[in-house]
Structure formats: structure tokens, C-alpha cells
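Asker: This is the structure, below, for whatever I ask next.
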Amino acid sequence: MDGLDNTTRLLAPSSLLPDNLTLSPNASSTSASTLSPLPVTSSPSPGLSLAPTPSIGFSPDLTPTPEPTSSSLAGGVAGQDSSTFPRPWIPHEPPFWDTPLNHGLNVFVGAALCITMLGLGCTVDVNHFGAHVRRPVGALLAALCQFGFLPLLAFLLALAFKLDEVAAVAVLLCGCCPGGNLSNLMSLLVDGDMNLSIIMTISSTLLALVLMPLCLWIYSRAWINTPLVQLLPLGAVTLTLCSTLIPIGLGVFIRYKYNRVADYIVKVSLCSLLVTLVVLFIMTGTMLGPELLASIPAAVYVVAIFMPLAGYASGYGLATLFHLPPNCKRTVCLETGSQNVQLCTAILKLAFPPRFIGSMYMFPLLYALFQSAEAGVFVLIYKMYGSEILHKREALDEDDDTDISYKKLKEEELADTSYGTVGTDDLVLMETTQTSL
């Protein structure tokens, strides 16, 4: 009776194992014919098809990617190469994104981002905020790059590197996301226009309600067959918008009413963000491990490195083409290359079951890592050379004869006041003449 129970438990369907997976003969004493692969449900056309419930059907020539973990990547399934098809984890072992540690880390990061956005809201100048609203050239340029250039670039990169359907969808989702909070912090570090940066972040998140599903519908037909409505990330985008608008609005109010308190909040928010970044990198490395990172194809790493660079370059190029001021150029550049990876991760978790998304759940984190590193290099270059170049240009402008500077105006005022005045020698001579008379 105990043996029958063990066999029943072994053959019971598990939500963590792919349906078409053939277990190795040494997995149990049951014969291999009992564990033969089940027929795969075919979709109308090759690729993924999303149903109203979170189930995905693959065409016969496609195989879902099992979820790898650090403990399950040591070997492969029988008859499969371990580097291309890692062995699934134990059914009782949860995936790393469902562990209590990851949930606690998400809460910690969310609270730190709210504090950061509160501090960035305290940097907004209400007097200059309206000027960007009346003339939204920078915001329009950022939106053009965000929802025009980057989705097309992600689509072309997925085709050029011949990514599989799951990896291509992850890359495309990241390319269609709106701007993230990283751009606001980096704009502050490079002396950018904070009013423009916050306007671009808010406007891109609002536009994502319409343009993000549209871009996904246009570019994802090669891999996904699904109605447009099922890809609308309204809940995730609305939550992102609220977590951005509410702290920023409160920070603007504090700056308007309590100027000294706003300065203190800015310092505290920057310190908390630095601590958050350190903790985030340490905990992410602890949860993932080198084995999981090694399971990601090299082409995905190349895409994660190249996409932020292309976004930064396109934003700066468009801002230069429209003759924006230097601080606005840096702001548009950083806003275009920085994506909201938290939103991309949330959509991947909601739209795809864990057994199909597999290691491609890591792509938004890879993109966040490389976009932060590249933006950090940009900040270091600006701090080392940008300030000196700007000071030299200001000195050259003061020495230019065609420039009417404060120094020249001051010299002219001194010359005008000395014209027609009476010197000391002349005054003594006049007094002597009057005495003699």
C-alpha cells in the first residue's frame, strides 16, 4: 500500500514541472513508458499564444523553458545538454522570485524608491516647471525615442541575434517600457534640468497606458498570438504612476512651503538611495548565483549591454538636433536610455507562468545592471571633465569682445562716473584763486 501511494504521488501532476518533460529512468522505479511526454497543444501559428488564463501553448517544434535555480543547474535532463536545457528544480523548492527573501526585498526597494521620489520632488522649481509644460519639446523628444526608437531597436536585435520566443518577448517588453526613476537620480548628479526630468518620467508613464500595448501588438506578432486587450498592463502601469506622482507631488509641496525642510529631505533621500543600491546588488547576487547567470545565452548579454547605450545616444542626438540647452541634452539622454525595469518584471510575472519564462525573468535585472553601470560611467566622465570644460567656456566667453558681460558693464559704469569730475589738484587750485580774490 505504501508503494502504491508513493507511485501515485510521483505520477501526480505538478505545477512546477513542464507537461512535455520526460524524466530520467533513475528518477524512480516506474517504467519510462509510464512517464512518456504528453502531446503539446498547438497554436494557430508558430509561437506563444496567451489565453485568458495564464496558460501558454507552443507549436510542436518549440519547447518551454523550465525554470532554473542555483540548485538545479548542476546537471541536465537525460538525453538533453545541461547547458541548453537545465534540469528543473525539486517540486517542493520554490522559484527564487517566490521566496520570502525576494518579497521582502521588493517591499524594501519600493519604500526606498518612494523616499527617493519624494526627495527628487523637493528639487522641483515651481516657477520653471510651467515653462516646460507650455513648451514640451524635451518631453516630446523623449517620448519619440521611448516608444518609437527603442521598441523598434529591441525588435531588430531579437531578430538579428535569433533569440527564441521567450527571450525575444522579454527583450521586447523591456524596450517598450516607459522611463524609470534612475533617470531622475542621474539627471540630478549631472546637473540636469530636474523639472524636465520629472515631466518626462510622468508623461512617459501616462503614454505607456496606450503606446506600450500598441508597440507590443505591432512588434510581438512573430512570437505571440493574442488579442491586444490581454496585454494591457493597466494595473501595473497605474501602480507605477501612483508611486511616482504621489511622492513627487508631496515633494513639490514641501519645496513650495518649507524650503529648508526640502533641502534636508533631498540629502536623506540620496543617502537612502545609495544604501538601497548596495543592498540590492548584494541580495540579488545572493539569490541568483553564478549558475543561473551562466544559463543565460551570450546573445542576451549583448542585447542588454547595447540597448541602454543606443537609448542614451539617440536621446542626446535628438536633443542636439533640436538645439536644446546642454543641461536639457543630458536630461533627455538619461531619460531615453533608462527603462522602468520594475514594470517589465511585473508584466513578465503576470503574463507568463514561471515554467515558461525560466531564466529570461533575469533580462530586466540584467538591463537594470548595465543601464546603471553605463549611466554611472557617464556621470563619472561628466564629474571629471564636464565641469572643467564648462568653466573654461565661461572664461572664454568673458574674454570675448563681442560678449556683453557683467565685467564689461561694470567697467563702463566706472568710466561713466569718472567722466567730467573734478580732480584733487584742480580743487586746490580753485580754492587758492578764490582766496586771492
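Quick reminder: no glycine exception, Cβ is built from N, Cα and C everywhere.
In case it's useful when we look at the structure, here is the feature table from Swiss-Prot:
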type     : residues : note
COMPBIAS : 21-50    : compositional bias 'Low complexity'
CARBOHYD : Asn6     : N-linked glycosylation site
CARBOHYD : Asn20    : N-linked glycosylation site
CARBOHYD : Asn26    : N-linked glycosylation site
CARBOHYD : Asn181   : N-linked glycosylation site
CARBOHYD : Asn195   : N-linked glycosylation site
REGION   : 16-84    : region 'Disordered'
TOPO_DOM : 1-103    : topological domain 'Extracellular'
TOPO_DOM : 125-140  : topological domain 'Cytoplasmic'
TOPO_DOM : 162-197  : topological domain 'Extracellular'
TOPO_DOM : 219-233  : topological domain 'Cytoplasmic'
TOPO_DOM : 255-267  : topological domain 'Extracellular'
TOPO_DOM : 313-360  : topological domain 'Extracellular'
TOPO_DOM : 382-437  : topological domain 'Cytoplasmic'
TRANSMEM : 104-124  : transmembrane segment
TRANSMEM : 141-161  : transmembrane segment
TRANSMEM : 198-218  : transmembrane segment
TRANSMEM : 234-254  : transmembrane segment
TRANSMEM : 268-288  : transmembrane segment
TRANSMEM : 292-312  : transmembrane segment
TRANSMEM : 361-381  : transmembrane segment
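Describe the structural surroundings of these features, if you would.
Answerer: Under the three-state DSSP scheme, Asn181 (N-linked glycosylation site) falls in the coil class.
Following the DSSP three-state reduction, the secondary structure of Asn195 (N-linked glycosylation site) is helix.
If you take every residue in the topological domain 'Extracellular' (1-103) and average the pLDDT, you get 44.
Same-chain residues lying 6 or more positions outside the topological domain 'Cytoplasmic' (125-140) and placing a CB less than 8 Å from one of its CB atoms are 193-196, 199-200, 203, 252, 255-256, 319, 322, 324, 328, 331-332.
In terms of DSSP helix, strand and coil, the topological domain 'Extracellular' (255-267) has 12 helix, 0 strand, 1 coil.
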Asker: Do the transmembrane segment (292-312) and the transmembrane segment (104-124) share at least 3 Cβ pairs closer than 8 Å, excluding pairs fewer than 6 residues apart in sequence?
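Answerer: When sequence-distant Cβ pairs are counted, the transmembrane segment (104-124) does not touch the transmembrane segment (292-312), since fewer than 3 lie under 8 Å.
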Asker: Under the DSSP assignment, what numbers of helix, strand and coil residues are found in the topological domain 'Cytoplasmic' (125-140)?
Answerer: 13 helix, 0 strand, 3 coil
Asker: To the nearest Å, how far is the Cα of Asn195 (N-linked glycosylation site) from the Cα of Asn181 (N-linked glycosylation site)?
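Answerer: Spelling it out, the Cα of Asn195 (N-linked glycosylation site) and the Cα of Asn181 (N-linked glycosylation site) are 14 Å apart.
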Asker: Measure from the Cβ of Asn195 (N-linked glycosylation site) and count the other Cβ atoms within 10 Å, all protein chains considered.
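Answerer: A count of 23.
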Asker: Mind checking which residues reach the topological domain 'Extracellular' (255-267)? Cβ under 8 Å, same chain, six or more beyond either end.
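Answerer: Residues 118-126 contact the topological domain 'Extracellular' (255-267) from elsewhere in the chain.
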